[in-house]
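Student: From TrEMBL, for reference:
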type	residues	note
BINDING	Lys14, Tyr161, Val162, Glu163, Tyr164, Ser165, Gly166, Gly191, Gly211, Asn212	sn-glycerol 1-phosphate binding site
BINDING	Asp16, Ser42	Mg(2+) binding site
Amino acid sequence: MLPSFYGSWRHVFKLDPDREIDDATLDAVCLSGTDAILVGGSSGVTFDNTVDLMSRIRRYEVPCAFELSDPSCGVPGFDGYFIPSVLNTKRSEWLIGHHAEAIRDFGHLLPWESIVGEAYLVLNPDSTVARLTGADANLAADEAIAYAQVADRLWRMPVLYVEYSGAFGDMALLKRIKQGLKQAHLIYGGGIDGPDKAAQAAESADTVVVGNVIYDNLDAALATVEAVLRPAAKEQAHVFRTR
Ligand code: 1GP
């Protein structure tokens, strides 16, 4: 059976091991009520900075998973591991090459019961991940939907991650992608800078990822938790105010 440690996650904070985060900020993030912390980054991730961040997060009860894209950073002790494959890369090593090498060398060490394949659809051409992986991020809507359906229907990948890292994405497209999925769990990340955008993304995505704003505007980041997990609370407040 496939691992499903992430199945009930609606809201996730993503922390980058390569970025400084002070104890007070980490405390607020871990006690925010979010469903989980996802550790990952596109550059500068090392074994040492990953261990360091994980051990600090581990002081809290919040579940914690790792996006593992470099086998030399395979830190044990997370609740689960996502291994990304970039669907729309032009360089096959980011789709399958690095993965095959890693499994050849380290497959016997991997905790398969907590590893999930993650199909990445990279849609912001200006993002670090797009540049790093040579992703063809300027896709027409029907092309993006087709990539998503290859992952979902043909390959039956358990997770599809629509990644706009650094920019808020096309929510109409996200909705169409969601409608076209048969089984994959849909994760959305990119440009969520407060509760309104978080709520919009949560209308289509199964899991909403909030990253950069943690480092830029902690209060706005914290407000996304309630917007995703308790949207009804906001509506109720509105109803009470108008009575
Ligand atoms: C990055 O999808 C995440 O991998 C979150 O994006 O940093 O733009 O919030 P932001």
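Using the three backbone atoms N, Cα and C, a Cβ is placed for every residue, glycine included.
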Student: Among the binding-site residues Val162, Tyr164, Gly166, Gly211, whose Cα is within 10 A of the Cα of Asp16 (Mg(2+) binding site)?
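Tutor: Near Asp16 (Mg(2+) binding site), where near means Cα within 10 Å, the binding-site residues are Gly211.
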Student: Taking only the Cα atoms, work out how far Ser42 (Mg(2+) binding site) lies from Tyr164 (sn-glycerol 1-phosphate binding site), in Å, as a whole number.
Tutor: 13
Student: Give me the count of other Cβ atoms within 10 A of the Cβ belonging to Asp16 (Mg(2+) binding site).
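Tutor: Excluding its own Cβ, the number within 10 Å is 20.
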Student: Based on a Cβ-to-ligand 1 distance below 6 Å, what subset of the binding-site residues Lys14, Val162, Tyr164 would you report?
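Tutor: So the answer is Lys14.
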Student: Return the residues near Tyr164 (sn-glycerol 1-phosphate binding site), defined as same-chain residues 6+ apart in sequence whose C-beta is under 8 angstroms from its C-beta, sorted by sequence, else 'none'.
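Tutor: Leu123, Asn124, Ser127, Tyr188, Gly189, Gly190, Gly191 - these are the non-local Cβ neighbours of Tyr164 (sn-glycerol 1-phosphate binding site), listed in sequence order.
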Student: Which residue, out of the binding-site residues Gly166, Gly211, shows the minimum number of other Cβ atoms inside 10 Å of its Cβ in this structure?
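Tutor: Selected from the binding-site residues Gly166, Gly211 on minimum Cβ neighbours within 10 Å: Gly166.
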Student: Taking 10 A as the limit, how many CB atoms besides its own sit near the CB of Ser42 (Mg(2+) binding site)?
Tutor: 18
Student: Among all protein chains shown, how many Cβ atoms are found within 10 Å of the Cβ of Val162 (sn-glycerol 1-phosphate binding site), not counting that one?
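Tutor: 27, counting other Cβ atoms within 10 Å of Val162 (sn-glycerol 1-phosphate binding site).
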